[in-house]
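TrEMBL annotations:
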DOMAIN    47-185  domain 'Neurotransmitter-gated ion-channel ligand-binding'
DOMAIN    389-559  domain 'Neurotransmitter-gated ion-channel ligand-binding'
DOMAIN    584-676  domain 'Neurotransmitter-gated ion-channel transmembrane'
TRANSMEM  238-260  transmembrane segment
TRANSMEM  272-290  transmembrane segment
TRANSMEM  296-316  transmembrane segment
TRANSMEM  577-600  transmembrane segment
TRANSMEM  612-630  transmembrane segment
TRANSMEM  637-662  transmembrane segment
TRANSMEM  682-706  transmembrane segment
Amino acid sequence: MTEDEMSIYTQFLADQKRLWDDLFKSYDPNLSAIYTSHKSEFLNQSKKIHHPPMMELKLTMAMLKLVDVVEVEEKVSFLFDYSSEWTDHRLKWDPYKYGGISHIYVPQKSIWLPEITIVDAQEVKFFESDDAPRTAWINYNGTVGFYTATVSSVICQLDVFKFPLDQHECGVSVLFHTYFPDEYRIKGGMVNIVKPKSELGNGEWKVTYVGVAEIPLSNDIIGSTTKFIARLERNPGFYISLVMIPAYCINFLTIIALFLDVENVMEKLNVGLTNIMAMTFILVILAADLPKTARIPLLAIYVIVGFGYCYVIDWGGSGTSKDSKMFEKTKQPWRAKISGIVKSLPEANYEKFLADQKRLWKDLFNDYDPEISAIYTLHSSQWIDQNNTIHPPILQLTLRMAMLKLVDVVEVEEKVTFIFDYTAEWTDHRLKWNPLEYGGISHIYVPQKAIWLPEVTIADAHEVKFFESDDAPRTAWIDYNGTVGFYTSTVSSVICQLDVFKFPMDQHECGVTVLFHNYFNDEYKIHGEMEAMAKPMSQLGNGEWKVTYVGVAEQDSLNPSLSSIQRFVARIERNPGFYVSLVMVPAYFINLLTIIALFMDIENVGEKISVGLTNIMAMTFILVILAADLPKTARILLLAIYVIVGLVIVMTSIFVVLLIPYFRKKWTSGHTDPRKSKIGKFWNNIEYILMFIFQLANLINFIILFV
């Protein structure tokens, strides 16, 4: 660097330091930049008050790349990069007074940041560390912003009926939960993504469209919601080449074989059983990837119909010888254009609001210590005269459930995971003020770390994820009457007693239980409520489970040291379609066909053993499908009992078939014409009687599953 260059740089550093000192001399990042007096009841709103416009947050998407799709959990993961921009009028300056400096870079922790919520997030990863501090920019006109990169795993409603030719529309939705809807607006936009569209998918999925749209919400306490959208389309090559074409060719050859030499009944049955075994191989390939959803996917229907078609033809041939919205749009989503125009504010009103808010902050928090509890502890004190003491009421914590959506169920661990969003509200009498003394301000927003928070315990929690980072600070609100509250989004994995004996027809009642462990039971009370869910009941489950009821109840505790316990309950019911179509029905028809084959041409012992071995092999493949998903619990499940009993029925049939020729020969050996004698007629009909008995046992075994 030359001497002249060094001189200019030194002057720049001096001007920047002077600017920093002037900007942040009286700036407090704990004070919100959001104007909260638009509807204050302590201002004369009938007079013409020039309120400043609401806060506008501009979110500009820079990257939306698909990472993974988990159909059963309805979870879609994206690389989601975006920039946030808003105006903080406390951070304006005249560039001419500071050597022409038009913008500076500052640590994010030095400025106020709005609390941004990603809706229905199962997990959000922010990349931050001491080695990579988070930085923001400030422009001379008060525009503040930062860029952040995340991996966002969100819940997306997936209809996989057309699997593997399915298409979906998913994305990342962003909103403000803490602020009132008349105080802010989110404006979404996007820049040209640095990757071509062909590189935005992954190995199994391709992305066909990326855009941004505003979602109207019926919830009147939530303002604008912006959704960054990706349309996904599955690459079906794997399933076409390894499932659909082989299944077609197998059925094609089977049908030809069935109609050649149509009088040979045993040959037809053997061809049918061989087809079933081959199709069971296909089912094994399919079962690992087939979504276990409420609707049976089209590909599973294709395989089952092929199986059933060949079965009907086989039956007919053998009889011939004897007898004969996350949401849909009607138009293309718009792309918001980000304007560089900064709207002028009525400076007098906004400056007065900021001054009143700062004065209120100083008065409230001058002697306030967030480490000192707001809970009154003298209700049972032996060191005061209880007869002459008027105690204040106990602390009441109101927990209001906003979302309880099922994410996953792990039967062996008895672990159930929910997206559990709630608001917590209580009264801290140290944080009261008279709005008339502070320009009509009736509520303010503060960082959660600035106030005392009650310790809320989620009982029997396996894991609880809270989403917070320097890019998404946690905010609380304080009302003038001392009411304090915050909104939080969690992914809560809780332990729930599961009785899966009736798998896959099982139903359970699970939920999230909240209590206080640290405080005495005469010092607090928890009151549970729930607000209208943003999602209909049909969208609260996942691919494998549906939610039939959501509610809240107070739970009795056997521990006398615990006061009220609130339980937010969900009743869940498994969608059995996958197991009915790929396990129960095929197993029934395999046994049905096997029993028929065993009792036809009963003298051919070698043929019977071959049929039995084919059945056992086909049922073994069904067990392979079942073993991956069957909960390995203490009680043997009803579905496992069904398969085992089916095997016992077939094995018993084989044993009986092998014994019949021996006893027939023994009992008819003394008759000159065995066919005309009573004993001969009995032995001629016994095979049909036994076939009926074993078919009846097979049918009863199947029906018991649904009782």
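Just so you know, glycine gets a Cβ as well, placed from its N, Cα and C.
TrEMBL labels come from automatic prediction, so no person has curated them.
The structure displayed is predicted, hence computed values, not measured ones.
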Local confidence of the prediction over the domain 'Neurotransmitter-gated ion-channel ligand-binding' (389-559), expressed as mean pLDDT: 89
Secondary structure composition of the domain 'Neurotransmitter-gated ion-channel ligand-binding' (47-185) [DSSP: H/G/I, E/B, coil]: 7 helix, 80 strand, 52 coil
Highest-contact recorded stretch vs the transmembrane segment (637-662), from 238-260, 272-290, 612-630, 682-706, CB pairs under 8 Å: 682-706
Helix, strand and coil residues within the domain 'Neurotransmitter-gated ion-channel transmembrane' (584-676) as assigned by DSSP: 69 helix, 0 strand, 24 coil
Top partner of the transmembrane segment (612-630) among 238-260, 272-290, 682-706 - counted as Cβ pairs under 8 Å: 272-290
Non-local residues, at least 6 beyond the ends, that sit with Cβ under 8 Å of the transmembrane segment (682-706): 505, 584, 588, 591-592, 595-596, 598-599, 602, 638-639, 642, 645-646, 649, 652-653, 656, 660, 663-664, 667-668, 674-675
